[in-house]
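**Q** Got a structure for you, questions after.
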Amino acid sequence: MEKITLTRPDDWHLHLRDGEALKAVLPDTVRQFARAIVMPNLKPPVRTVAEAAAYHDRILAAIPPGRTFEPLMTLYLTDNTSPAEIQAAKESGFVKAVKYYPAGATTNSDLGVTDIRKCDAVFEAMQTVDLPLLLHGEVTDHRVDVFDREKVFIETYLRPLKERFPQLRIVLEHITTKDAVEFVLASDEKVAATITPQHLLFNRNSIFQGGIRPHFYCLPILKRETHREALLEAATSGNPKFFLGTDSAPHGRDRKESDCGCAGCYSALHALELYATVFEAADALDKLEGFASFYGPDFYQLPRNTEKITLTKTPWQIPDALPFPESSLVPLWAGQELSWKFAPVA
């Protein structure tokens, strides 16, 4: 197959940052995706509808001329989020979900939830108005092995949460384990998951090949090969409970290559080419459009896009670095040659 035509996809988990960084990275996302669920972990985080509206406006102002893009906003859940804020979020029309970060779990999550059980009144309100909950599904207990934190979160917090709020729509984001796949498969239609390109392409060996490879470091961290294989099977199965979410997370090279490097992989530049590489290797290119273009909007109860994009068999090399404010930005798998190339349909 030399060419694939797909309905224009959406990214259901994206970090855009703010200010000059936003202006630097947004064009990459806008080129490939029609919409994106935008993460709220700025400094300070996006905690209210008013803050989400202001951030929404800043994103719209940064869209390159001649491009169309719809940012789908989220609120950052804290111990102090109120049911009234949830009602306002639902009524806003542009806030599409609420994001749960365990305090300290990942970049800019210090103000996250200290105990998920403190948020039951908020979850009740979300269930009532049908506003989805997006989960960074890891525990932060330092006694739990970093490779086990997703599994422990599912057993300790997610199963009880689902039992307490059976009608709450939940997205377990950037899943990394066979345990997460099995939980989603065993749950009803109100539970779904996003999967990143890095967790489909690589296992934890990639972080340590010939030394420390900081540009493969993300959270949740890459896992062993058996987990990657389970994710691959889920993503390419055609099951609508699994859909595209890049978790593209830009950090300047100096923030990645340091004695305390930041977690995150930048894939917005070449996300669809990476996913196509994965699906082709699995002999499942016929399943790519559902994963990338259909299952996400269906879960979020939004219309599917009508525009088309193409991927053609055109070899090209991922750049070693991209421009970024006061630094440079190293894309995921920098220097690698890919055989698929993205193009919009004229």
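Please read every residue number as a count from 1 along the shown chain.
Glycine too: its Cβ is placed from the backbone N, Cα and C atoms.
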**Q** Going by the substrate site in Swiss-Prot, where HIS15, LEU16, ARG17, ASN41, HIS136, LEU219, HIS251 are listed, which of the candidates ALA53, ALA54, ALA234, ALA263 is also part of it?
**A** ALA263
**Q** The Zn(2+) 1 site in Swiss-Prot includes HIS13, HIS15, ASP247. Which of LYS90, LYS99, LYS162 is also listed there?
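**A** For the Zn(2+) 1 site that includes HIS13, HIS15, ASP247, Swiss-Prot also lists LYS99.
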**Q** Which of these binding-site residues has the least crowded Cβ, counting other Cβ atoms within 10 Å: LEU16, LEU219, ALA263?
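**A** Counting other Cβ atoms within 10 Å of each of the binding-site residues LEU16, LEU219, ALA263 gives the minimum at ALA263.
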**Q** Measuring Cα to Cα, how many angstrom lie between ASN41 (substrate binding site) and ASP247 (active site)?
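**A** Checking the Cα atoms of ASN41 (substrate binding site) and ASP247 (active site) gives a distance of 12 Å.
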**Q** Out of HIS174, LEU219, ASP247, HIS251, which of these recorded positions is nearest HIS15 (Zn(2+) 1 binding site) by C-alpha distance?
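**A** Ranked by Cα distance from HIS15 (Zn(2+) 1 binding site), first place goes to ASP247.
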**Q** Which one is it, among the recorded positions LYS99, HIS174, ASP247, that lies nearest to ARG17 (substrate binding site) by Cα separation?
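**A** Out of the listed candidates, the nearest Cα belongs to ASP247.
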**Q** Of all the Cα pairs drawn from HIS15, LEU16, ARG17, ASN41, HIS136, LEU219, HIS251, ALA263, the residues the record ties to substrate, which distance is largest, in Å?
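**A** Value for the max Cα separation, rounded to a whole number: 19 Å.
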**Q** Provide the number of Cβ atoms within 10 Å of the Cβ of ARG17 (substrate binding site), excluding the reference atom itself.
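**A** There are 21 of them.
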**Q** So which binding-site residues are near LEU219 (substrate binding site), with CA atoms within 10 Å, out of HIS13, LYS99, HIS174?
**A** HIS174
